[in-house]
Structures are given as C-alpha cells and as structure tokens.
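Let me begin by presenting the structure, written as structure tokens, before commenting on it.
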Ligand SMILES: [Mg+2]
C-alpha cells in the first residue's frame, strides 16, 4: 500500500498485476490519493479502513476475481459509498453489461489509455463529491446548518439502542428560545432567522463531549444528544448553555424575562432498560423544559432521577 496525497479523494486500485498497478497509479495520481492491493481480500480490507471514493477493480484476478470482490463490497453497508470501476481486457458489449449489472458505475478497457482513464476517473470523482454533498444536505437544517430533525431521530434511535446494549446513560437537552414569537413580532422573520442562526451557533460551539449531536428540532426548538452522560453531569450544563446564549447579547426589549434573547433548557439522563423507548427520554426532557419555562425561563431544569 502506498499513498500519494493530491486531494481529499482516495482511489483504491485492486489488481493482481504489479505493472498494471504502476501504470494506473501514474495515470491517476494527479487526481487523488492512490492506494493499492494486489488481491481481492487485501483490497476489501483496505476499502473498509480507508473508505475510498473510487475503486479501480481488475476483473481477471487469480483467486477471488473482480466480480466476487464487487459482490462483497456492494453488500457491505459501510462500503456503499465507494464507486467501483471495472478494469478489464474483455471489451465485448456483454462483458461491459456484466460489469454494470454487477454494480460497477463504469468500465475501463485494457490496454489502458491514459486520456480515457483520467477522463473516467475525473468524472466519477466529481459525481462522488456531488453525492457526498447531497448526502450531507439531506441531514442538515437549511437555516442553521445544524443536523435536521430526521437525522436526529435516526441517531437517537441508534444511540438509544447502543446505550441500552452497553448499560450507559444517555443524556438529552431540549432547548427552546424564550418569547420567540414576540421577537419575530418586534423585528420580523428575517431578523428572527438571524437570531435562530446565532443561538444555533452558540449551541454548536458549546459541544464539549465526543459524539455530542446538536440538531434543530423544530421552529425555535433545538436538541442536543449527549452520549454517556449521567444526570449529575447535566446539572450545570443547562445553565451553562443559557449563559452562552445570554452572552450573544441579542436585544429583545419586549421580552418579559430579560431585555435580551434567552433560552430555556429541559434535560434528562436515562439508563435505557428493556422496554424503554427514545420517546420516553424525549418526553422526560420535554416535561423538564416545561418546568424551566414555568419557573421563569432562562434556566436549565434536569428531570428527576426517578
Ligand atoms: Mg489481472
């Protein structure tokens, strides 16, 4: 395995012929970082570790051939985002169709032609970059750049199951901007959007733990998922988030709470047991948020240990 760093993209060449690897590497090394493997099993291992955007896969290999490698890669959810281009001396239409049917995105004929190889690789690296961008956007809230509700819901389900398996406490904070309707009435929706962006920024930059996930939950509501976090660790976190937003110092003269934008935070931590659901965790946080509002806003309230 070798590496030539040229861009953010990685190409993996799997071929049982060292000369072909040398030739292909020389052709594409200006376009991406290049890795290689001389047999299918090693190639699959490298693909799992390095997640290349593109795999140039020799069809005719001793032992595990290109089709068998392609089949393993296409079935592995972790490798789904790697695109495969077959490289083969079989240039009949039937052979080409067989490659595409196997799940490859394209086909490069041997003997190799530098211009053809570079054009195909360039096209598919661009497509891969575009797909990655779309994939990111699908999980993002357009206004604030935080994760969106859909992504949060799926991560909550995953993390809830993982914390139950490992017997770890899962923390959650529900954040609501205080008197946001009054803010919009005073300043208009455009300024309201700017306020939400600023609050989202304060929440995002307040992330302190590995794996913490902040999302826009709805209108002026945000949510933070806090992996492996005990109730005691949440006691200061809510008020700390409130202080971060207060420090933004966004004027809100018509708010009864304070003359600046503030938030209320409902927090809870749960050691998920058999039969517990993510909805129960959300419900507890929501009740705590209600308490924070009732107690005068601009504060965090942690749900009881029960
Ligand atoms: Mg070969």
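Cβ atoms are placed via backbone N, Cα and C, with glycine included.
Annotation source TrEMBL lists domain 'Response regulatory' at 10-125.
Annotated domain 'GGDEF' per TrEMBL: 168-305, in sequence order.
Secondary structure at residue 58 (4-aspartylphosphate), as computed by DSSP, is strand. The 4-aspartylphosphate annotation in TrEMBL covers 58.
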Protein Cβ atoms within 10 Å of residue 58 (4-aspartylphosphate), excluding its own: 25
DSSP-derived helix, strand and coil totals, residue by residue, for the domain 'Response regulatory' (10-125): 56 helix, 25 strand, 35 coil
